[in-house]
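Novice: Quick paste from TrEMBL:
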- 60-407: domain 'Amidohydrolase-related' (DOMAIN)
- His68, His70, His216, Asp304: Zn(2+) binding site (BINDING)
- Glu97, Arg149, His189, Glu219, Asp304: substrate binding site (BINDING)
Amino acid sequence: MKNRWLIENGTFITMDPQQPVVEGWLAVENDRIAGLGTGQAPDEERKLGAELVDGRGKLYLPGLINTHGHAAMSLLRGLADDLRLQDWLENHMWPMEAKFTGDDVYWGTSIAAAEMILSGTTTFLDMYDHMDRVAEVVEQSGLRAVLTRGVIGLCPPDVQTAKLNDAIGFAKSWHGQAGGRIRVMMSPHAPYTCPPDYIERIVAAARELGLPLHTHMSETAAEVAQNVKDYGVRPVEHLDRLGLFSGPSLVAHAVHLTDEEIALLAERGVAVSHNPVSNLKLASGVARVPELLKAGVTVSLGTDSAASNNNLDLFEEIRLAALLHKGVTGDPTAVPAPEALRMGTVYGAKSLGLEGETGVLQPGLKADLISVRTNKPHFVPATDYVSHLVYAASGADVADVWVDGKQLLRERQLLTLDAERIRFEAQRAFDRLRA
Ligand SMILES: CSC[C@H]1O[C@@H](n2cnc3c(O)ncnc32)[C@H](O)[C@@H]1O
Ligand SMILES: [Zn+2]
């Protein structure tokens, strides 16, 4: 039984350079976009008996793609603000995370999934623990996700091995599951928490499994200095020597880079997840995004966790990416609005190995799309919708969300998650953790 539906009289911001804005119709069949065109839908579309969706007063665009986060840490939102990364991580996050159960990860990830759907994210990357529980939430919520069991190697060799085996087992169980909506990467947490030989073991496992690698890298100046002290080289060269860039890889942050390191990342085809809000909140610095883009590096956007942001609204990351680098460089043309929107959609898909699957409204690609209501003062005048989406919109403007052609949000009502139950359980989980 084909599930076919047709949006009429909509404005589609496709992110397809061939036809960037389409005033017209979009058809979906099952999980993929079946057609897109200007004006009225052709008669044959209507004869297919598709369910009709009235697109008047709405902008449609590809679902947003959040390429770095730790969803369950939404339970720790606001717990430890105004701290530098190492203090925040070692003295506040890790002691609380040591108490996390699988249920805590389930409810923390659920509240994050609800927030992401409500703010227009359709795909997210998650690096955490208890990943089976994270995968359960992805299955139930209908989101698309790249999941990675983050491993910290500051432990005895037998525990290192147990963690690596857990990550390998998770990858074998879940890669390609949830109707293909779940993909997996392998993740050494960071160069400062994983000894070199351990990173090499994780790299070898990833190559054996045919999976990309993901890690935190060069987030703070202190991290870079410590890497030089410990290993005699900066993190980029250190990870390159360990083979981390020998295949598909995505690094989070990449804040403190030299010109030579930018060139190496470009040459190796390493993608970067730029997390501007988290980098500012932890006083880590500002990544050299204009130089990375100019060098040809794929730069996407991530929120990091709600404990260092403190929301998961990717519209905010898009807007900040378009503003921050203008201010830092003094160049008003740095990261123009269309590029910032590509970072939150197309470049996100490329960073996650999902290019040609999602991130663009184009026949044949997955029906991962969102709508934004434009009957609001901050969308007046109806001039440049890309400008409004980047410089005026927020996640609160999202009305509808579809992933794989299945609706997850209708007029801001969650359809796959019980928002009230999730809020209750997430609060209860935090109250227990805090006790
Ligand atoms: C091993 S699971 C993930 C691990 O990462 C920690 N984390 C959260 N945010 C950051 C960040 O910005 N830099 C480094 N590590 C981070 C999280 O607390 C988990 O322990
Ligand atoms: Zn992180």
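Cβ atoms are placed via backbone N, Cα and C, with glycine included.
Note that the coordinates shown come from a computational prediction; the quantities given were computed from them, not determined experimentally.
Give me the structural setting of these features: burial, nearby parts and distances.
Specialist: With a cut-off of 8 Å between CB atoms and residues at least 6 apart in sequence, the same chain places His189, Ala190, Val251, Ala252, His253 near His216 (Zn(2+) binding site), listed in sequence order. DSSP assigns His216 (Zn(2+) binding site) to a strand segment in the three-state reduction.
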Novice: Looking only at Glu97, Arg149, His189, Glu219, Asp304, which the record lists for substrate, tell me the maximum pairwise CA distance in angstrom.
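Specialist: Overall maximum Cα spacing for these binding residues reaches 21 Å.
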Novice: Got a sec? Which of these binding-site residues, His70, His189, has the most Cβ atoms within 10 Å?
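Specialist: Top count of Cβ atoms within 10 Å goes to His70.
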Novice: With respect to ligand 2, which members of the binding-site residues His189, Glu219, Asp304 satisfy a Cβ distance under 6 angstroms to one of its atoms?
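Specialist: Listed by sequence, the hits are Asp304.
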Novice: Starting from the Zn(2+) site formed by His68, His70, His216, Asp304, give every other residue of that chain whose CB sits within 8 Å of the mean position of their CB atoms, in sequence order.
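Specialist: In sequence order, the nearby non-listed residues are Gly69, Met127, Ala252, His253, Ser273, Asn275, Ser278, Gly302, Ser305.
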Novice: For Arg149 (substrate binding site), which residues of its chain lie six or more apart in sequence with Cβ-Cβ distance below 8 Å?
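Specialist: Looking at Cβ-Cβ distances below 8 Å from Arg149 (substrate binding site), excluding near sequence neighbours, one finds Met127, Tyr128, Asp129, Met131, Lys163, Asp166, Ala167, Phe170, Ala171, Met186, Ser187.
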Novice: Would you identify the secondary structure of Arg149 (substrate binding site) according to DSSP, in three states?
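Specialist: Strand, per DSSP.
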